[in-house]
Every structure is written in structure tokens, then in C-alpha cells.
Amino acid sequence: MRNHQDPIETDAVIVGAGPVGLFQVFELGLLEIKAHVVDSLAYPGGQCIELYPDKPIYDIPAVPVCTGRELTQNLLKQIAPFGATFHYGQEVTVVEKQSDGRFFVETSKGTRFLSKTIFIAAGVGAFQPRTLKVDGLEVFEDSQLFYRVRNPADFADKNLVIVGGGDSALDWALDFVKDGPNKAASVILIHRRDGFKAAPASVAKMRELCDALEMQFIVGQVTGFEAQDSLLTGIKVTGADGVTRVVPLDVLLVFFGLSPKLGPIAEWGLDIERKQLKVDTEKFSTSEPGIFAVGDINIYPGKKKLILSGFHECALAAFGAMPIISPEKKVFLQYTTTSPKLHKVLGVESPVFD
């Protein structure tokens, strides 16, 4: 049932509750701007939680290693003082500029806002994994065919076939081979060629494990499957030699990456290049003043799709929004190490130096 109460009036609506969207809450909070956050998933964390909650992340500054789940939990703890309101399980479907300069925003569940600014932190847009194109195979999805790993324990002691040549395929193959509670009975990696778009160290480790007969790597493409009694029993793999072989399995994991789908964002009248939102690099504004884009959803010369790059973009976007939200206020750069004002906002005591 749609909710047609008066719109929620706010300074900022953030679209996306992944790591970058969460950090946007923090940067706005330091400027005393409260935000409402909308995400299509039922929980925060975005791609980190949906695709690799237990995979290690090594490139967050001052954090040698953390999982996607830990990063999300730490960000939620970091933004807690700012009291953001979250609206999960709904997608922003309508964005309309009003005569007073604000934006009318409505979600798929009928939640409505009047906001001075919008921050799009929607990652690659809707989560649409690239699927394995084999007729009939889709009937096994979520029973024996998976495009993501939510709980590694579900695959312990299974005969796994993993298809893909990127970081996700290699990382999960290595994870399921190593000793531990999630160790698989066997792991076979399949990729269409003997070359990978993955970390060289991971590729080297995979080859080392293959030489030690702890896993297998097959060059070829999945062209069919075998089933018995409604169970997937094997896949047909055609090699470069043209020979098709049957590879037995219990579970098939496919990691072909995500197919970017902007969804309703594509209808908001913003400049788009290669399914991403064009922004300036001064304040990460889109072609519509008052709408900003941060993280993987944006594109600009030199863009790197890294979490730490998204964090940097959040800071400049927050400062860029201040003249729109509070044009009468002068904004001075302050530091969380020394500013009593920021300490008050964060709910911490100011240090006393002798």
C-alpha cells in the first residue's frame, strides 16, 4: 500500500547505503546536515554485503585488512552520532525539480521527500549479476547454481565448480581450497582462457595449488549440463581443442561480474556516459545542480573505482552542497583532531593538552 502523507522535508537524500553512501552520511554530518538514506536492499552495506561479506579488503587506509561485513559495521558505528534515517527495501523511482529549487523524491514504497540536495551513491545501480547463458540451467539457480556467496559454510564439503576469471572467482576458489570449516571436498576452476583479470598473487597461488593437485583449472567454456532426478550432476565444458567433457559437481558458482543497470536513475535527465553519471571533480555535481554522484556510479577523467576514492568524493560533495543547503553560512575547514565544534557533533570529549 502506498503512503501518501505529506513529504518528509530534509536537507539531503542519499540514494544507496553501501560504504560510500554510509560515508556520505558522515561527511554531511560533520557539516551538521542530517540525511535520509534509501536503498533497494533490505540492509546496509551494498555490494560489500551482497557480494563479498566475508572476503578480505586490504586497501582501506589505516585498516590492514577487514571484510565487507566488518567495514559496513564500522561505518555504521562511525555515523551513529548523526542520526541518519534509513529506508530499506525501496528504490527511488521519481525525482522532480520543484519551483523553489528543492527536489520531490518518491520511492517504490511511496515514501516521499522534499529535499534540498540528492547524493547518488548507488554503486553500479541495480544488482544484476551477469549470468551463464546455457538454456535450461536457470532452473537450478539458488539451489545448485549461485552467482554470489552469502554464507561460505553452505558450500563446505561440496564438490565445487567455479566459473570466471576475475578476482571474485579466484578469491573464492582459493578460499574454498584452504583448510578450515568452509573447505570444499574439491574445487575446479573454469575460465575461457588461460589469462585472468585478477590479482597476480591470486593467480600464482591458484597455479601452485593446481601443481600440488589440491585443485584443478580447466580452460574452456560451459556449453551444456547434465541432470538426473531434477538435480544438476555436471556441466559440459568445451575446450579450445573442440572436445566437450563433462565435469561432475555438487554446486556451480559463477562469477562474471555485474551488469550495470541504472534503473530509474537513467530517467532523471542527468548526463550519462557508459551507464555512469558524469560529474565535475570540484564538488562531484552532476549536470543538475543540487544532485551529486559519488562512488562507482560516477565517471570523470582519471576515475578509479575504489572505495577510498569514493570516500574522498564524499567529502568534496558535502562541501559542495553547503551553499545550496545553507547559503547564509560560511563554511570553514575544521579538523576532527582539534575542533571543539566537531567533537560536540561527534559526541566526544575535547582532549586537554598540558
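Along the chain as shown, residues are numbered 1 onward.
Placement of Cβ uses the backbone N, Cα and C atoms for every residue, glycine included.
Feature list (source: Swiss-Prot):
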BINDING   ASP39, GLN47, TYR52, VAL92, PHE127, ASP296, THR337  FAD binding site
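Overlay of Swiss-Prot feature records on the structure.
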{"residue": "ASP39", "record": "FAD binding site", "Cβ neighbours (10 Å)": "26"}
{"residue": "GLN47", "record": "FAD binding site", "Cβ neighbours (10 Å)": "21"}
{"residue": "TYR52", "record": "FAD binding site", "Cβ neighbours (10 Å)": "19"}
{"residue": "VAL92", "record": "FAD binding site", "Cβ neighbours (10 Å)": "25"}
{"residue": "ASP296", "record": "FAD binding site", "Cβ neighbours (10 Å)": "25"}
{"residue": "THR337", "record": "FAD binding site", "Cβ neighbours (10 Å)": "8"}
Simplified to three states, DSSP reports VAL92 (FAD binding site) as strand
ASP39 (FAD binding site) -> DSSP, reduced to three states, gives strand
For ASP296 (FAD binding site), the three-state DSSP class is helix
